[in-house]
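Enquirer: For reference, Swiss-Prot lists these features for the protein:
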type: BINDING; residues: 212, 321; note: substrate binding site
type: BINDING; residues: 233, 244, 441; note: divalent metal cation 1 binding site
type: BINDING; residues: 244, 313, 346, 441; note: divalent metal cation 2 binding site
type: COMPBIAS; residues: 30-39; note: compositional bias 'Low complexity'
type: COMPBIAS; residues: 42-52; note: compositional bias 'Acidic residues'
type: COMPBIAS; residues: 69-81; note: compositional bias 'Basic residues'
type: REGION; residues: 1-90; note: region 'Disordered'
């Protein structure tokens, strides 16, 4: 989910360091980013032949005993192995069922550079610290890997249905229903969506819409066309640990270079991320890669521009945006990444002016926990705030989410909460009309001994 640059500026902040997210520090293992589970267990022995069937047949042969009576030997043929659970299409099998008694897959494990003296752990005290921390953060890592696997399985299905002719309402519903089914929390009962579910409303941004657009109840239906560029951005959380990842699809090959540029820029940001990595260096490197591409749109060459008004961001528990930012353009900032941080590394590339503005409409809302509720006096506002706190906390939510849990006649109360600053409202962000914007994003965990690109999959 894209983070707006503070105060509308085009560069990263020099703000204070964010609170450290809980560090996940299991020892590095081989990278294994899985997609949908495929196939079933095969009923074969190690050499691949079916010796067991022949043995069973022989064991069934009746033999005469010494007193002339017949004795039938027990058939020792093993029962066939049960088939491994498989995901459905659309995905509706809870992820805990698919991975019963098995660990969730790791993301892409990337070792830190061994030549970086700031990252080398050599002292006995440091090794003891790592050993203790390894035993303290299993839950953190398990939650993140579960959320990431849900994201992979849901987005793989979304890619099969995100085709010309589908409405954005249907696409958002399939994504969000899939997430809720796979985490095992429908979010209808009070507080259930805080256990696991959507990290924020599904973003479905077409053409010059860069970020923060989702279908709203009663709004005009939007249907995907062949010449559209569609960015799909959604988050999955388990116990408040949010995986934020996004990708872009296009059906006309003239947009291929745009998608390639943005994907390359995001991968550059991931490559340069790490403990003590400087935000200004990462930002400059991202822009250099992004803007080295050019795209031909209807016979006209256009440069790919990095959006200056959006940025990547760190993620805190139950808060999709922390107070650290990773811009996509050259910036001056003293911020660095730290051990234990969780970052959403994302980039947006545009054929427009490379800067967004607020459009009409509403994407969603979020609770501002730093603003006092003492000024909230309207009864409808108090009732709405209670529903928000009990069901969403500080997670962003949309009008659809409110209506889904049965909240009605909320508009007056919402206006009051926004006016008092207790709730923040997000508008869609757009570049110039006629331009095209693409986005790619991954979540990375900065563990002490490696970084784990937790949302990495076979698709991107």
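Each residue, glycine too, has its Cβ placed from N, Cα and C.
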Enquirer: Hey, which of the binding-site residues 233, 346 is the loneliest by Cβ count within 10 Å?
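Expert: Taking 233, 346 as the binding-site residues, the minimal 10 Å Cβ count falls on 233.
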Enquirer: So how many other Cβ atoms are close to residue 441 (divalent metal cation 1 binding site), meaning within 10 Å of its Cβ?
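Expert: If we count other Cβ atoms within 10 Å of residue 441 (divalent metal cation 1 binding site), we arrive at 26.
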Enquirer: Of these binding-site residues, 212, 313, 321, which scores lowest on Cβ atoms within 10 Å?
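Expert: The binding-site residues 212, 313, 321 were compared, and 321 has the fewest Cβ atoms within 10 Å.
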Enquirer: What count of other C-beta atoms do you get within 10 angstroms of the C-beta of residue 244 (divalent metal cation 1 binding site), across all chains shown?
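Expert: Its Cβ shell of radius 10 Å holds 30 other Cβ atoms.
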Enquirer: Taking the centroid of the Cβ atoms of 233, 244, 441 as the divalent metal cation 1 site, which other residues of that chain lie with their Cβ within 8 Å of it, listed in sequence order?
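Expert: Not counting the recorded site residues, we get 1, 2, 203, 234, 235, 245, 246, 344, 346, 439, 442, 443.
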Enquirer: List the binding-site residues among 212, 313, 321 whose C-alpha is within 10 Å of the C-alpha of residue 233 (divalent metal cation 1 binding site), in sequence order, or say none.
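Expert: Checking Cα-Cα distances against residue 233 (divalent metal cation 1 binding site), the binding-site residues within 10 Å turn out to be 212.
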Enquirer: If one measures from the C-alpha of residue 441 (divalent metal cation 1 binding site) to the C-alpha of residue 321 (substrate binding site), what distance in angstrom results, rounded to a whole number?
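Expert: Here the two Cα atoms are 14 Å apart.
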Enquirer: Specify all same-chain residues, apart from the site residues 244, 313, 346, 441, whose Cβ lies within 8 angstroms of the center of the Cβ atoms of the divalent metal cation 2 site, ordered by sequence.
Expert: 1, 2, 3, 233, 245, 246, 312, 315, 343, 344, 345, 442, 443
Enquirer: Considering only the binding-site residues 212, 244, 321, which residue has the minimal Cα-Cα separation from residue 346 (divalent metal cation 2 binding site)?
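Expert: Nearest by Cα distance to residue 346 (divalent metal cation 2 binding site): 244.
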Enquirer: Round to the nearest Å and give the CA-to-CA distance linking residue 321 (substrate binding site) with residue 244 (divalent metal cation 1 binding site).
Expert: 10
Enquirer: How big is the Cα-to-Cα gap, in Å, between residue 212 (substrate binding site) and residue 244 (divalent metal cation 1 binding site)?
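Expert: Checking the Cα atoms of residue 212 (substrate binding site) and residue 244 (divalent metal cation 1 binding site) gives a distance of 14 Å.
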